[in-house]
Amino acid sequence: MSSNVVPEPVQRFIEYLQIKTVQPKPDYASCTEFLRKQASEIGLEFTVTECVANKPIVVLTLPGFEPSLPSIILNSHTDVVPVFPKSWTQEPFSGARVPDSSGDHRIYARGAQDMKIVGMGYLEALRALKHRGTQLRRTVHAVFVPDEEIGGHDGMELYVDSEEFKTLNAGFALDEGMANPEPELRVFYGERAPCWIKFIARGNAGHGSQFIDDTAGEKINAVIGRMLTFRKEQMAVLGERREDGSYRTLGDVTSTNLTLLESGVQHNVVPETAMAGFDIRMTPSIDYSEFRRWIEQLAAEHGVDVEFVQFWSDSTTTETSASDPFWAAFEGAVNGLGIEFKKEIFPAATDSRYLRRAGVPALGVSPLCGLPILLHDHDEYVRESDFTNAIAFYVNVVSALASV
C-alpha cells in the first residue's frame, strides 16, 4: 500500500467521497449521476425511484440466473452528517490520501466510515464478479438511499412500502455496521429501538421568596430521579457477563440520557411548568409495550404528563442459527476469509430496522477491524487497505449469499 500510484478502485472511492451529500442540503443529484456512471461501466441495470421529490433511491442490479428467487439487497445510505472544518486536519470532502507510518494510506473524508466505504465496497465487488464472468444464482440489488442520517423517513421508511421495493422481491439484506478498534468483525443482527419522551409537569406558581407547595419543579425532580435510577441499574447490567463468559455490550441494555430541560422565566418567579426530555434506546430483549406502560405509570404516579416524541415498537431481530441458510452462508464466507467476528445488537438506529419490520432479514456489517470508531467524528478516515479488504470481503459474502 506504499505506492504513490492510486489504484483505480481507490480513485473511484475518493470520487464518491468528494460528492457533498452532507445534511441538511445533500447533493443527491451529483451522487445519482456518479452511480449512473458506475452502473454503465460495470454493466448493471440502473433505476431511480423518488418516494419524496428530489430524494432519489438508486438501485443498481446484477440479475441472477434464477431471478424468481428472493433477491439479495446490499443497502447503503448516500447522505452524511455535517462537519466542523476547523476541527479537521484535512479538508472534509477532499478524500485526502495521506501516507502513514505503516506504509498504508489514510483516506480522510466525511462518510469514509459512515458509510461510503460500504456502498463502494458493494459496487467494486459487483465489478469484480462481472469482470470474472461469475454467474450468481440470485439477483443482487445494490440500493443507495437518502436521508438515513436524519431518520430515513423520506427514504427507506417509505421505500419498503412502495411497489418499486416489492418488485425487488427481497429475501435477505446487508446494511451498515460499525468499525471496531479490536481485531474482530462486528456483525449486528438487530438494533436498539429509539424512545424519545418528554415529561411535562404542571404546578403552582408564585414569588421566589415563598415556600410554595406542589410545584412543577418538585414533580419533575421526582421523575428525573427515578429515570436516573433506572439508568444506573442498566449501567450495572452492562458490566455483567453473559452465559458464555463474554461481557455485555451497549446493545444488550437499555440506555437512558437526560437530554432536555426547560422551565422558568426569571429567578424570582416559581414556574408553573417544567419539562424533562430523555433519549432512551431500548434493547430488543425487553417487551417494548411493557416498557411503555412503565413510563406511563411513572408519569401518572407523579402527576405529570408524558409525550412520546418517538417510539419504535418493532423488536425484530435476524436469525443467526446454523439452521438458517442465509446466516450459514454468511458465516461460512466470513470464516473462509479467516476473519473472527462477534454478533451484537447495534446500539443506535439504522435503516435495517425498516427492512426487518418489512420482513426482510438484515445484517449490519462494516468490514473495518482494528480501526478507531470515527463515524460523525472529526478527521473521519479509513485506511486504503480497509477498502481493498472490503472489496474482497463483499466478493466472498455476496457470492455466498446469492448462491443460497
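FYI, residue positions are counted from 1 along the chain as it appears here.
The backbone N, Cα and C atoms fix where each Cβ goes, and this holds for glycine too.
The Zn(2+) 1 binding site feature in TrEMBL is assigned to His77, Asp114, Glu176. The secondary structure of His77 (Zn(2+) 1 binding site), as reduced to three states from DSSP, is extended strand.
Positions annotated as active site by TrEMBL: Asp79. The Cβ of Asp79 (active site) has Thr21, Val22, Gln23, Pro26, Tyr28, Pro146, Asp147, Glu148, Glu149, Ile150 as same-chain neighbours under 8 Å, each 6 or more residues away in sequence.
What TrEMBL lists as Zn(2+) 2 binding site is Asp114, Glu149, His376. Annotation note: His376 (Zn(2+) 2 binding site) sits in a coil segment as assigned by DSSP.
Among the features that TrEMBL reports, active site, proton acceptor is placed at Glu148.
Look at TrEMBL and you will find 190-305 tagged as domain 'Peptidase M20 dimerisation'.
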Item to complete: Excluding Asp114, Glu149, His376, please set out which residues of the same chain place their CB within 8 Å of the center of the CB atoms of the Zn(2+) 2 site, keeping sequence order.
Response: Val80, Val81, Gly111, Met115, Leu375
Worksheet, complete the sentence: Averaging pLDDT over all residues of the domain 'Peptidase M20 dimerisation' (190-305) gives 97
Fill in: Glu148 (active site, proton acceptor), number of other Cβ atoms within 10 Å
27
Worksheet item: How long is the line from the C-alpha of Glu176 (Zn(2+) 1 binding site) to the C-alpha of His376 (Zn(2+) 2 binding site), rounded to the nearest angstrom?
Response: 14
Discussion item. Please give me the CB contact count at 10 A for Asp114 (Zn(2+) 1 binding site), counting all chains in the structure.
Written reply: 25
Fill in: Secondary structure content of the domain 'Peptidase M20 dimerisation' (190-305), with strand meaning DSSP E or B
40 helix, 38 strand, 38 coil
Fill in: Cβ-Cβ distance under 8 Å to His77 (Zn(2+) 1 binding site), same chain, at least six residues away
Met115, Phe144, Val145, Pro146, Asp147, Glu148, Glu149, Gly152, Gly155, Met156, Glu176, Asp351
